[in-house]
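Features reported for this protein in TrEMBL:
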DOMAIN    2-369  domain 'Amino acid transporter transmembrane'
TRANSMEM  6-25  transmembrane segment
TRANSMEM  60-80  transmembrane segment
TRANSMEM  111-128  transmembrane segment
TRANSMEM  140-161  transmembrane segment
TRANSMEM  181-200  transmembrane segment
TRANSMEM  221-240  transmembrane segment
TRANSMEM  269-288  transmembrane segment
TRANSMEM  308-329  transmembrane segment
TRANSMEM  335-355  transmembrane segment
TRANSMEM  367-392  transmembrane segment
Amino acid sequence: MALPATLKQLGAIPGVIVIILAALLTEKSIEMLLRFTRASKSASYSGLAGDAFGGFGRTLLQGCIVINNLGTLVVYMIIIGDVLSGTSSDGVHYSGVMEEWFGQHWWNSRSNFLLLTTLFVFAPLISFKRVDSLRYTSALSVALAVVFVVITAGIVIVKFINGSIGMPRLLPKLVDQASFWKLFTTVPVLVTAYICHHNIHPIENELRDVSQMKSIVRTSIVLCSTVYVATSFFGFLLFGDHTLDDVLANFDGELGIPYSSLLNDVVRVSYVIHVMLVFPIVFFSLRLNMDGLFFPYAIPIAYDNRRFFSVTAALMCFVFLGANCVPSIWDAFQFTGATATVSVGFIFPAAIVLRDTHGIATKRDRLVSLVMILLAVSSSTVAICSDIYSIFNIGIEA
């Protein structure tokens, strides 16, 4: 939902190109992870990091996964709050679905509604101890993401036919040096969009035929890339320079076509359900790595009910509080995406290849790994510096 805002920053052509490049890099990093996992006979991503760098590397990776997943789940809850209870940007209030349907009441205020969602939706879904228990909800979430793309594309096509939509801005708008550096703030969002490395091993461990994993990864990335390109392009085409950090918040007014109100509600509600169904998948690996971080020598968490529910409750409380304190998904993406997410998705896989404890890395692997680390470190550093500059600049202006 933040991808259309990346196209607003980069322009349509560079934005689509960067989304596709991020997909190619992700596919390569996962392919290397799988290859080195089999060579080391590791059963987890943290185990592979431990094989390459010892206990410190294992702990550092688990910490990065925890930070990444916590940030992602906070973003999911912010999206739910934005859509159902409304949000404000630059002094303008964008109404939420529940606010439009029932008016303002105590139960549909942002914090109260997120609390109800946590208790009655997330609590049951995050209580499963095996990731394959979520296969049906995961499949439904993918279908709902496609529904969002189809409806948004349909709206754009109708508006294009009746001549009420303009040509999108193809290139970035560069007016000064600050606007150039701001382009790099899109990197954390793009990296976060493809981060799935922490789920690779739990899924592979539950497959009957592990040789399927490579085709599963490739199919998933192709599907994600298609949805991401379509979402970002049609979202930016529809709202142009008025595209918000969370594009769902744009679907609260007149779209200029028949049944606008109905389509707005279908788009927002379907995508909120999609986010709710994706939430437990990300939470699964968060809980696994948090437990490994604090109880590295204990029995698996799935066999200890007290530990399982204690860790689950503590993490869910933290995510709930984060969603009520962080102002927007762009803010949440910037710092987790530029640090922990980049490390999990690109720096650790590349470093494992360069370490090459089993002597299986090719020259091409090493070259790709060096490029990955260079791109990840340089772009993230610029993104963080740009964010810090923006914060201080806003403070000075205030």
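Cβ atoms here come from the backbone N, Cα and C positions, even for glycine.
Remember, TrEMBL labels are computer predictions, not curated facts.
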State, in range form, which of 60-80, 111-128, 140-161, 308-329 has the highest count of Cβ pairs under 8 Å to the transmembrane segment (269-288). 60-80
Can at least 3 Cβ pairs under 8 A be found between the transmembrane segment (140-161) and the transmembrane segment (221-240), with each pair 6 or more apart in sequence? yes
Long-range CB partners for the transmembrane segment (111-128) (under 8 A, at least six residues beyond its ends), listed in sequence order, are 77, 80-81, 84-85, 98, 134, 137, 276-277, 279-280, 283-284, 287, 309, 312, 316, 320, 323-324
If we skip the immediate neighbours and take only residues 6+ beyond the ends of the transmembrane segment (6-25), which ones have a Cβ under 8 Å from one of its Cβ atoms? 168-173, 182-183, 185-186, 189-191, 193-194, 221-222, 224-225, 228-229, 232-233, 235-237, 240-241, 243, 346, 372, 375
For the transmembrane segment (308-329), the distant same-chain contacts (Cβ-Cβ under 8 Å, at least six residues beyond its ends) come to 1-2, 70, 73-75, 77-82, 87, 89, 110-111, 114-115, 118, 122-123, 126-127, 129, 245-246, 283, 286-287, 290-291, 294, 301-302
Below 8 angstroms Cβ to Cβ, which residues of this chain, lying six or more residues outside the transmembrane segment (335-355), approach it? 25-26, 29-30, 32-33, 36, 45, 48-49, 52-53, 61, 63-68, 70-72, 187-189, 191-192, 194-195, 197-198, 361, 365-366, 368-370, 372-373, 375-377, 379-380, 383-384, 387
Distant-in-sequence neighbours of the transmembrane segment (60-80), which means Cβ under 8 A and at least six residues beyond its ends: 1, 45-46, 49, 53, 114, 117, 192, 195, 198, 246, 248, 271-272, 275-276, 278-279, 282-283, 285-286, 289-290, 292-293, 315, 318-320, 322-323, 326, 328-329, 332-333, 335-337, 339-341, 343-344, 348
